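K.L.:
Not my notes, these are from TrEMBL:
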DOMAIN    3-389  domain 'Kinesin motor'
BINDING   Gly109, Gln110, Thr111, Gly112, Ser113, Gly114, Lys115, Thr116  ATP binding site
REGION    315-336  region 'Disordered'
COMPBIAS  315-333  compositional bias 'Low complexity'
Amino acid sequence: MLNLKVAVQNATFLLSLGLVSRETKEGGRIIVEVDGKVAKIRNLKVDNRPDGFGDSREKVMAFGFDYCYWSVNPEDPQYASQDVVFQDLGMEVLSGVAKGYNMCLFAYGQTGSGKTYTMLGTPVSITMRYSTNGLFIRQKDCTSLPSSCRIKVSFLEIYNERVRDLLKQSGQKKPYTLRVREHPEMGPYVQGLSQHVVTNYKQVIRLLEEGIANRITAATHVHEASSRSHAIFTIHYTQAILENNLPSEMVSKINFVDLAGSERADPSYCKDRITEGANINKSLVTLGIVISTLAQNSQVFSSCQSLNSSVSNGGDSGILSSPSGTSSGGAPSRRQSYIPYRDSVLTWLLKDSLGGNSKTIMVATVSPAHTSYSETMSTLRYASSAKNIINKPRVNEDANVKLIRELREEIERLKALLLSFELRNFGSLNDEKDENLKELVLQNELKVGVLGGLSSALHHPGSSLHYSWAR
């Protein structure tokens, strides 16, 4: 199990890129500072008051994270460029997906704080563009190894709780009819979503730009080109590997998630825009509930583990939760809360990324301006809560090869155990155990032979699996 990682980036005052922000125009004052891995926010409303006078709110609140980046002014000594961010986050993504893990990066924050810029929006965006280029560099390296790689991409948006394929072919009808399904082992997926095989970095960028052009944006009172939909760009990475003279596959993916803006609706908006904002807020509220509930459940689990460990060290049997909701000692245990993944399409599709089979990094983008104090404080609190989420990532390897490896390990263990019994010479008791151990070794060796033959047949040039790979 692995805790979700959180990175905070201040990226609103991007004057060096020619993006004159709303806060700059309004004469906003910077109230956020970064000190190592700690982000601090100052409340100007109580900053000038004497201690203990008039307001119980803290003057300065501090939040600790895995990474903190100051991207406000390139002239600042602590300024973090996109290269710096990629070395921390992008390299971790590349390393994870190469080992067969699912990876997810999602940007969370208020409108105009730099979510799309960070995830997808510019030629120097940390994650998608840099990471994809790194995958193709690794793909070239695969040619010198007994393996090969294949990369596919898909791009979808969630608008008004409906899924749309952003890479749909022209002339397709009913673009909002895609449905979300859930596979018992693979998890949630979008039925009918197109996947495009790519062989170089330029093809990925072309598809990305095509999808961004199809994405729904609109001018709001907060942002001139606010994203009105959630977008998920997915890279599917398949590796064909020759392991122990047996062909196998590892299938992993990277989800890059760019959330919609979350400003309040203006009463002067038309009905469609108000409905649109309501659906955006519904999914974001559900995401917040999922994050909070997962964090609470993880804390309950951690506290129970610590209690069991301390009791066990003290010589007692420990307090273990039972399905009935009571501990083995008869005392009531705290049940974990229900996670409402299906309350929105967004959280359903992110089920694996939040508490499931994925290594996930949350990039919380905040504005350092005093005019965005409430939104920034809310984002920092959500990000701080998300740190407690525990995911359960696993390597997505070929099931037959995994079983063969485990059986071979078991054979070696049994042979070592058999040898130890023979050396100890336990007499009649030893004879019976010898026969049992020899029988187990023989059975496992037969299983390895059968599975090895099956795996080789499936990957033979004439098999359907080999044909689908070649396509």
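The backbone N, Cα and C atoms fix where each Cβ goes, glycine too.
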K.L.:
What count of other C-beta atoms do you get within 10 angstroms of the C-beta of Gly112 (ATP binding site), across all chains shown?
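P.N.:
Result for Gly112 (ATP binding site): 26 neighbouring Cβ atoms inside 10 Å.
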K.L.:
Would you say which of the binding-site residues Gly109, Gly114 has the most Cβ atoms within 10 Å of its own Cβ?
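P.N.:
Going through Gly109, Gly114 one by one, the largest Cβ count within 10 Å is at Gly109.
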K.L.:
At a 10 Å cut-off from the C-beta of Thr116 (ATP binding site), count the other C-beta atoms across all protein chains.
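P.N.:
So the number of other Cβ atoms within 10 Å of Thr116 (ATP binding site) is 24.
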